[in-house]
Amino acid sequence: MSQVEWDSEDELEEKPFQLAYVRRLFRYVLPYRRTLGIVILIVLLNMGLSLAEPLMLGYMIDDGIVKKDFELITWLGVSLLAFRLIGWLFGYLHTKLINFTGQRVLFDLRQQLFNHLQTLSFRFFDGRPAGKIMSRITNDTNAIGELVNGGLITTVMEVTHLVGIVAILFWMDWQLALLSFITFPLLYLIVGKLRPKIEGSWSKSRRTMSAINGNVNETIQGMRVVQAFSRQNANDKKFNEINSNNKSAFMRAIRMESTVWPLVELIGMIGTCIVVWFGAKRVIDGALTIGFVMAFINYLWRFWGPLSALSKVYSQLLSAMASAERLFEILDTEPEVKNAARAKELPLIRGEVEFKDVAFQYGPDKPEVLHDINLKVKPGQRIAIVGPTGAGKSTIVNLLMRFYDVTAGQVTIDGHDVKDVTLESLRSQMGIVLQDSFIFSGTIEENLRYGNEDATDEQLMEAAKSVRIDQFVSKFADGYQTQVEERGSKLSVGQRQLLAFGRVLLSDPRILILDEATSSVDTETELHIQTALARVLEGRTAFIIAHRLSTIRDADLIVVVRDGSITELGTHDELMKTSGLYANLVHSQLLMQQSFNDVLNEKSEQQVG
Amino acid sequence: MATLLRLLKYVRPSGMLVVATLTLMLLATLIDLLAPWVLRKVFDDGISKSDMGMVLMLALALFGLQLGKSLGSFAQGYTQELIGQNVVFTLRKQMYEHLQRLPFKYYDKAQTGQLMSRMTGDIEAVKNFVGFGGMMLVAGMATFVGTLIFMCSMQWQVTLLALSPIPLLLIVMWMFSRKVGPAWGKIREQMGRLTTTLQENISGIRVVKAFASESKEKSKFAGRNEQNFETNMHRAKLEANAFPLMGFLGGLTFLIMIWVGAVYVANDKMSLGTFMAFQWYTWGIIWPLNMLGWQINIFQQALKAAPRVFEVLDTKVDIESPADGGIDAATIRGSVKFQNVTFAFDKKSNEEQTKDLSKKEAAAASEQDRMEQENRAVIHDIQLDIKQGEVIAVLGATGSGKSSLIALLSRFYDVSEGSVLIDGIDVRDYELDGLRRSIGIVPQETFLFSASIRDNIAFGRPEATQEQIENAAKKAQIHAFIVNMPYGYDTLIGERGVGLSGGQRQRVALARAILMDPPILVLDEATASVDTATESAIHEGLLEVMKGRTTFIIAQRLSSIRRADRIIVLDSGKVVQQGTHRELNEQDGFFRRLLERQEMAAASSH
């Protein structure tokens, strides 16, 4: 769908390894340090047991089998069995506790992210596709959960394993040990050269994946338009392209990745071969026993397992780092609009609103969209905001709701600067009906009660009646319990607007804001709503943005906004005396009315004639 | 089982790759099995006989074997992932293409979050099994069996004794597999729900904030999150019960082998070299067994994820071109006829109805259902005859069925009864894409894509020239606005670009429809968010556009319907009035009330 490549945002340089991130991630594990401590203890004990095994086997060969000491064989057998039994118990505890920790960290991280998202301002969401934010809360947190679940313990376990093996090898025979590690510099060189390339190719693969997600998400959301314009074939082609991109990026990464391990094993084998040859020689010379060489090779063999595991943890870590970066980016985004340090509760709103020299721009690099707005509203007044599309009408009411903070000047309610009161106390007393009415999945009743769960059934019915929801609800078999589906897709656009309206009315706002709230509602219903509103709004302040003259005319104060400035201010009668935009608007409506009548007459003449 | 067979069908095109991967795996297994054998020779033929030449040769042989194995495992690492990727590629492609063809009815109920989680997480789970996981399973089994054969050929008594814990292990495995399947199913479902909750919250964040209900949302999400934690812990518990036990039983085989082996060697019933080799071979026994638990997990995840994907693929596309391809819609001129059209959204299919009812009950139920359907219909028995080039205004109260009526024209839904005809031909007989292309729609809710303005306008005609695009934009009164933007027609809009106001978005959508140059034009409250002055300008511009096209205008404002040749008033899905402005003005009804109100408003304005 989108012609834009979705990966631009993810082109954040994926830095190989960020200690700061690791340290920060560690803080999420800290609350579970006791559980984790137990797990580590268990793992270390288990490791000790498993490291002892080859030694015991060597002992069994040299002292048991060769010397035919059956008692020793039995004793060794029994202790090996005991080790395994303990290993079983340890394994049980380990699996359970580490899963608990990993899942708990995942839970905490997700919840923290979600909670933080709730505090972020509109501006954060303005520029971000929902799919992207979602994939952070689901996929990126998962990557970190998995790191804790698998990676952390594996690292502890395998590092001790490695250290243990190396120590034992050197303790057994340092010359043989040195010989077997002779190939290591080569290994280091090769892996060091390949790794950065592999990392690069994995991050490319991840970016192509996020392109797929973005595309699918947008296609699903815009499906009705896609089908209306029969765009399926073009979309198929586009998707095929990004799907192929993902496949080839992934396979490229795999191609590189799968060279590493066989190469490592091959180089390691050189060491083993040297040990076999040299060890055999020493056995023949009588310097070493067979059991000893056997145990030595056994340990050497075991050396590669942890190395392979650690290399997997490392790539897991890298991918988790990329995720961590994205998560921390969200967590580090300071909410622009937030409670001031000494924010107080806004007392019950009387409804006096003032805009003082307000200017606003959406971002430092964006143009100013409101200039020098001054407006004084008395409690209980009804204000109509009129103006061409894009003039800044919605921006004005958004500032009143404190969805954004003013760039200059001040917005006050009852003399309190909206910046000085808590957001909760401010917004819970205001009600805004947006033009794009978002309805949640759930029943009609649940949606109505969204802003006021404690409303009585009478209140619910009254709110429903005043916006005429009752009229269409009665046609549904399940009445108010009808499921409206995601985004209210079961309802018509007009019905959705009514539901959104009812939802706000039920929340009993002290100040009501209608942002083209009834643009898709028929005039008859609208008239009914206006009558009802007059009753509901008794003594409350209201801001109304609308295009229909009938909605505007009776307002106590009409504000005309043009290019971000208030150009006219006054009652209908006052404004009609000027020759401003409003008067023009009314005239043009009148003209339209006349020409409509002309149409009527003209047609009738034709028909009569 | 059916799921598995169906998955196999996706693997079949990669048949050669599977054969190659398995061959490579078997080769690697064989080499792994040969290595201990070589080692045995080192002890039995080299060291015991003090033959250093032999030892050197054997050491070189070891290296040679490893070289072969490394080459093989490089190739195998590539081929096995390619199989997985091939399957994923196909599944994604099919799902995407299918999603694009599912009817509106499906999207009325679909949850974006669930669909997304199927498209990503579930397909990924399938891949893990089909590629790497499945191949490892085969390799593991081959290694296990191969090792057994090797060991039996060396010393069968000890081998068989060592195998004694295996039946127990199989039982544990089987029990685990049975329990962990449903657990994974729950986790996948849970994840879908979490995603859905998230999706709603983020999409509706403006409403959440407007109602200051963040804390309520937090606790709602915490609930989902907690459920997710618990389902995962349930799975972890199953794993904790099974995996270490399986590890123990696998280790027991090893232990028996060593113990009994040691006694055998001490009694001279077995050579020391064989004993050593056995020690290596136990790897071939333990590795596949240790892997099994993990593979069961992958397998069960795939088995639970695949049906979620298939469910989408199996959803019937019941609105599509006729089987024979349908009549070419390119020649559509634009006369429209609604013939006894009735339409209900949730029409139950006959199969669904009779599925769990006896015949008699079904008959009664179907009668009841028919009546219920009658009640629930949003369009009742509509008759309309519209000439080519006519401009029809559709009026009516909110929810009276205006948009539904229009949706039937483009076959976004199919009629329940009756038929819709264009140029005398049932819309169901046309080739679907062509039909929809010949109907230009400006929908009530504007959806613009994250792309440049140009691409958005050219959405239905990507091949349009700049001149054509600009012409369409001019007619929609948006051209002047566009050229004033920083990058003109290349300015990005939508989620990642410049925010447009509601009215501006509607005009872009209007230009998009105009560019299609369709014989039939549908304006569904296309100018509701536009101020009156712009609106009249748009309608002036549209005058020319509408010339020769059949046009449907749904609107609430009279200014929008001034130019209509005929007005249709809907009420509860029925046509209650129709006629010219004058005719309707003479009847008492919706239209006259509307007219009176607006006149009143206009009059009192002066």
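Glycine residues also receive a Cβ, built from the backbone N, Cα and C atoms like all the rest.
Feature annotation from TrEMBL assigns domain 'ABC transmembrane type-1' to B:19-301.
Restricting the average to the domain 'ABC transporter' (B:352-597) gives a pLDDT of 85. What TrEMBL records for B:352-597 is domain 'ABC transporter'.
Annotated region 'Disordered' per TrEMBL: B:352-371, in sequence order.
Annotation comment: TrEMBL describes B:15-39 (among others) as transmembrane segment. Beyond its flanks by at least six residues, the transmembrane segment (B:15-39) meets 58, 61-62, 65-66, 68-69, 72-73, 75-76, 79-80, 82-83, 86, 135, 138-139, 142-143, 146-147, 150, 276-277, 279-281, 283-284 of its own chain at Cβ-Cβ distances under 8 Å.
Within the chain carrying the transmembrane segment (B:51-68), a Cβ under 8 angstroms from the stretch's Cβ atoms is held by residues 27, 31, 34-35, 38-39, 41-42, 45, all 6 or more beyond its ends. Positions annotated as transmembrane segment by TrEMBL: B:51-68 (among others).
Summarising the annotation, TrEMBL assigns transmembrane segment to B:129-151 (among others).
Positions annotated as transmembrane segment by TrEMBL: B:158-176 (among others).
Per TrEMBL, the feature transmembrane segment maps to B:242-266 (among others). Sequence-distant contacts of the transmembrane segment (B:242-266) (same chain, at least 6 residues past either end, Cβ-Cβ under 8 Å): 155, 157-159, 161-166, 168-169, 172-173, 175-176, 180, 272, 274-275, 278-279, 282, 285-286, 289-290, 292-293.
Same-chain residues lying 6+ beyond the ends of the transmembrane segment (B:278-296) with a Cβ under 8 Å from its Cβ atoms: 29, 32-33, 35-36, 39, 133, 136-137, 140-141, 143-144, 146-148, 150-151, 154-155, 158, 162, 169, 173, 176-177, 180, 239, 242-243, 246-247, 249-251, 253-254, 257-258, 261. Under the heading transmembrane segment, TrEMBL lists B:278-296 (among others).
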